[in-house]
Amino acid sequence: MCPLWLLTLLLALSQALPFEQKGFWDFTLDDGLLMMNDEEASGSDTTSGVPDLDSVTPTFSAMCPFGCHCHLRVVQCSDLGLKTVPKEISPDTTLLDLQNNDISELRKDDFKGLQHLYALVLVNNKISKIHEKAFSPLRKLQKLYISKNHLVEIPPNMPSSLVELRIHDNRIRKVPKGVFSGLRNMNCIEMGGNPLENSGFEPGAFDGLKLNYLRISEAKLTGIPKDLPETLNELHLDHNKIQAIELEDLLRYSKLYRLGLGHNQIRMIENGSLSFLPTLRELHLDNNKLSRVPAGLPDLKLLKVVYLHSNNITKVGINDFCPMGFGVKRAYYNGISLFNNPVPYWEVQPATFRCVTDRLAIQFGNYKK
């Protein structure tokens, strides 16, 4: 059972993401710590969720680095201007918070003896170099948050116990084959905000991973990357330069239930592309350059939310969203956004939204040339 004080600490530092992730404890994309509270895409019972802190034999050590705050098994050393990882960290520590410092390098013995560490927070430092054996002692590490640093490559030899990796807002340009080798428990990777192009992903870069969640937002992608894990439930590629969705782009992602493609330059979605996503529940295509509603939406029986606002859509047909006839769609829409499109809304027939739960779920209007 996780102590109440630990839950209070994590919740007090929480901050929401653009999309709510499923079933993970998540430290911030920006400044603090975020707790993920949806259970739909949780990983296996043995690797996700809060660790059983009571199973760790306590040392009741009085060790605490100078200037840090230590309570039970949490060591908080954030915002101290540290140049290196501090010494004298108790070996029974489960959460080590080193964010918002000036650490530039992770050395071989920086985490020596921390075999019980569950979460390591290194967000917003100046880390550019990581020794190949820096993470070797961390045999129980599940959460590694190393975003907003100066890394040019994905860290080598990460612990096989790792479940979640947050490495966004670095300087990574390449994802080589084998970099995730042995990470069989990994189910969440956040790597947006890196200058990644499609050519930066080597064939087989994600081999062996069984991810539920992947975000490569705010990069330099011009298309959907090839050979991403087939196990994905959520894929977020918003804020890139993707121009089209071709037929084979989504072929292998039949388990997706949330697809984020907002804030791209998409003009065309090839007919039949969406038919490979039978379990899709939420589709984000806002802030693109689409001139019509994508074909195939009525065939997505579980689709409930579609964001199409801020495009160039000029017409909405009576069968663009709902299947013809009754009893075909298993889940009614509870959100369709079409605002900020040059659609003459007065010409849209009411029957167009016959499979929407409530008229308030439809967002129209506010178009400006």
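Backbone N, Cα and C define each Cβ position, glycine as well.
Per TrEMBL, the residue from CYS2, CYS77 that shares a disulphide bond with CYS68 is CYS77. The disulfide partner of CYS322, as annotated in TrEMBL and taken from the candidates CYS188, CYS355, is CYS355. Highest Cβ count within 10 Å among the disulfide-bonded residues CYS64, CYS68, CYS77, CYS322, CYS355: CYS77. The helix, strand and coil residue counts that DSSP assigns across the domain 'LRRNT' (63-95) are 0 helix, 7 strand, 26 coil. Cα proximity to CYS70 (disulfide bond) (within 10 Å) is found for the following disulfide-bonded residues from CYS77, CYS322, CYS355: CYS77.
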